[in-house]
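The feature dCTP binding site is assigned by Swiss-Prot to ARG110, SER111, SER112, LEU113, ALA114, ARG115, ASP128, VAL136, LEU137, GLU138, TYR171, LYS178, GLN182, with sequence analysis given as support. As annotated by Swiss-Prot, active site, proton donor/acceptor applies to GLU138. Under the heading region 'Disordered', Swiss-Prot lists 169-193.
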Amino acid sequence: MRLCDRDIEAWLDCEKLVISPRPPIERINGATVDVRLGNQFRVFRGHTAAFIDLSGPKDEVSAALDRVMSDEIVLPEGEAFFLHPGELALAVTLESVTLPNDLVGWLDGRSSLARLGLMVHVTAHRIDPGWQGRIVLEFYNSGKLPLALRPGMLIGALSFEPLSGPAARPYNSRQDAKYRDQQGAVASRIDKD
C-alpha cells in the first residue's frame, strides 16, 4: 500500500523519509511528491562506435562507455537544455532523497510532459530501500519537436510504499552499490556488474 499525502508529511516530519530541500505542502499531492529538474546533464557524444558489447570484457565496456558519454554538463542559472527528437540524455533531480530501509520509492513522469513525447525514465523507476542521493533521470524525446528543459521545472513525482519489514541488504549498505550517494548525472556503470 502506497503512502497517502498525510503519511508522506508524517514521514517527512519525523525524518524517517528525507527530501532535501523539503517540498512545500502544495507539492505533496494525494499519493505523490513533485520533484524538480536539477542543472546537471549528460549526453552521448558524436562517435563512430558501431555498438557497445555489454557482455564483453569489463575493461572494453568501460573504454567504450568513456568514448561515447559526455562529461557532465552543468547549466548556468536561467539556461535551458534542449532535448531533440530521438535523443537520450541523463539528468538529475534538484532534490536529494533518503529512504529508510523499510520503504521503496517509485518515480513517475508527468502526464503533461509525456503528452509532448518526453519520457522521464526509460525503464528504471524504482528507488531502493536505503537509497540516499539525487535521482538520475533517463530522458528520451519520442516527440516531433525539440524540448527546452529548464532547471527547477516540475519533472516528475515520487510515491512511496512501505515494505513488509526492513530490507536485509538496503542499497547504501551494499558494497556493490554502484550509484551510492550520487549527486550528479552519473553515466552507466554497467561495467561494474
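Numbering starts at 1 and runs along the chain as it is shown here.
Keep in mind that glycine also has a Cβ here, set from the backbone N, Cα and C atoms.
As the structure is a computational prediction, the values presented were derived from the model and not from experiment.
Separating the Cα atoms of TYR171 (dCTP binding site) and GLU138 (active site, proton donor/acceptor) is a whole-number distance of 20 Å. Packing around ALA114 (dCTP binding site) is summarised by its Cβ count: 14 other Cβ atoms lie within 10 angstroms of its Cβ, all protein chains included. Spacing of ALA114 (dCTP binding site) relative to GLU138 (active site, proton donor/acceptor) is 13 Å (Cα to Cα, whole number). Taken residue by residue with DSSP, the residue listed as 'active site, proton donor/acceptor' is part of a strand. For GLU138 (active site, proton donor/acceptor), applying a Cβ distance below 8 Å and a minimum sequence separation of six or more within one chain yields LEU88, LEU90, MET119, VAL120, HIS121, VAL122, THR123, ALA124.
Within 10 Å of the Cβ of ARG110 (dCTP binding site) there are 17 other Cβ atoms, across all protein chains.
When secondary structure is read from DSSP and collapsed to three states, ASP128 (dCTP binding site) falls in the coil class. Working note on the binding-site residues SER112, ASP128, LEU137: by count of other C-beta atoms within 10 Å of each C-beta, LEU137 ranks first. A sphere of 10 angstroms centred on the C-beta of TYR171 (dCTP binding site) encloses 20 other C-beta atoms.
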